[in-house]
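Let me begin by presenting the structure, written as structure tokens, before commenting on it.
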């Protein structure tokens, strides 16, 4: 009954059918005076826990009855989903607040880094419990206020083990092991977390011997403490010791290997992988993925070829790695081999290959994969559908992308962004803005990628005022810090609209020192609008940062020639030759027999254009043969 109620209520809320959703609530059993409210509140908490925060808000609004627990559940959901501004407004509107309400809001401020607001709220709290005190300590530590955290810690009336662990962890993370040890010795009751914090702290400062001494004293060691000790040995270069301190499970080996790879220490991961006594498929796949992530394709392939027990995850890892390293034909061959050997592709396998087809605008290849999807169980998989939207949009089939978008029952931020970016890249400004509007109405929150699409759309449409409005809303409304690409979008927007002086002023007022990408963007829009003065200034700045930048040299040469300064032009062109400055040739490509044929401007192949054209025309009837390997 509970599971069915959850699903149907969620369905009605997402469809906006609020009377039906309320009817579901009324049908829930009434057990005692507060039984029904308890059921509703439990349902609300589940919505929040599973990420359906907008549905939780709708449920809260239609609940016939509410109590203090209901309000606290809604507040907690807003806090845990990171909607701190909404949580604050909700907190202010609550008819009653108890210590749970205050503590929940305090945790929200602290976790969001809004430590000043957290401190004010903490001071205003009419009642505090140990959770409130602990939240304040943790918040201060996370924001670098270690001394203030210690002052709060000392003031806690009754501390629990979490209080002690938080303060000790603060010291160890800041390499203050002497103070951490003092608190550790003062503790009357320790748990395995306490011991592990200390072991990790000593390993971080290189005192592995003391870490091992403490490790041996842990009353009940668990996988976390073992991982801390093994990691400490390996991190400090004691690989043999890391494998000899006790029983080493495959799970621990995998944790170590992944830890090294994620921290960029592939060589250490390799040593551990070779010497570890317990390696499984996850270990092998992690190493393959690690090699591919840094471009060591041959090493990854050698490991994959000798892998004793491959599965679909390993095949997907090697295929994705080849695509990541732009070895798309080889990835296609691997995909064919994978299916030939009887392994079933995963949703990520399809998504990766569909994304690769979109990257080179190979529509036929993308359609082949789409047709294969119809025979699989992944046709309605969210990740796969997102990749299809992106692929069709990049291949110029924006209507097909829109059809898939409209057929989707569940959408995430990637879905919305793919559709917005697709419309934007096709110059369909109104459509991009309409999707953005629908996204906001659905309760989805935009991210930095969303605004790249919106700003690009505004640039294509010459919507300067709308562009400024959206750019400013990033920080003011959505708490998103604009990145380099957003600033470049604004330069492009202003430049395309003919506001070159405003664009240059925008560059000079950036909150960071403009780099070559910024000056290159300004130079690019100057070329569109033929403004030689600003172009010359941008080119000079660009050459200061990138002396071999060909477009900047060409612009300065052209400006000198246009102003009749032929001697300056001659000197500049001579400098280009002396520096070895070369323009990057333009290129284009087409898919042919499963491979991408690249054409470079000025290359030998262009001199044989007639012969190549005949070859291509002769192969048009065979256009489907390049994916024969799939079937």
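Including glycine, each Cβ sits where the backbone N, Cα and C put it.
Listed in TrEMBL for this protein:
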- 67-97: repeat 'PPR' (REPEAT)
- 98-132: repeat 'PPR' (REPEAT)
- 160-190: repeat 'PPR' (REPEAT)
- 191-225: repeat 'PPR' (REPEAT)
- 280-310: repeat 'PPR' (REPEAT)
- 311-345: repeat 'PPR' (REPEAT)
- 381-411: repeat 'PPR' (REPEAT)
- 412-446: repeat 'PPR' (REPEAT)
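For the repeat 'PPR' (381-411), the DSSP counts in helix, strand and coil order read 23 helix, 0 strand, 8 coil. Confidence annotation: the repeat 'PPR' (67-97) carries a mean pLDDT of 91 in the model. Listed by sequence, the residues of this chain that lie at least six past the ends of the repeat 'PPR' (280-310) yet keep a Cβ under 8 A from its Cβ atoms are 250, 253-254, 257-258, 261, 266, 269-270, 273, 317-318, 320-322, 324-325, 327, 343. If one looks beyond the repeat 'PPR' (98-132) by at least 6 residues along the same chain, the residues whose Cβ comes under 8 Å of a Cβ in the stretch are 68, 71-72, 75-76, 78-79, 82, 84, 87-88, 91, 138-140, 142-143, 145, 156, 158-160, 162-163. Summarised by DSSP class, the composition of the repeat 'PPR' (67-97) is 23 helix, 0 strand, 8 coil.
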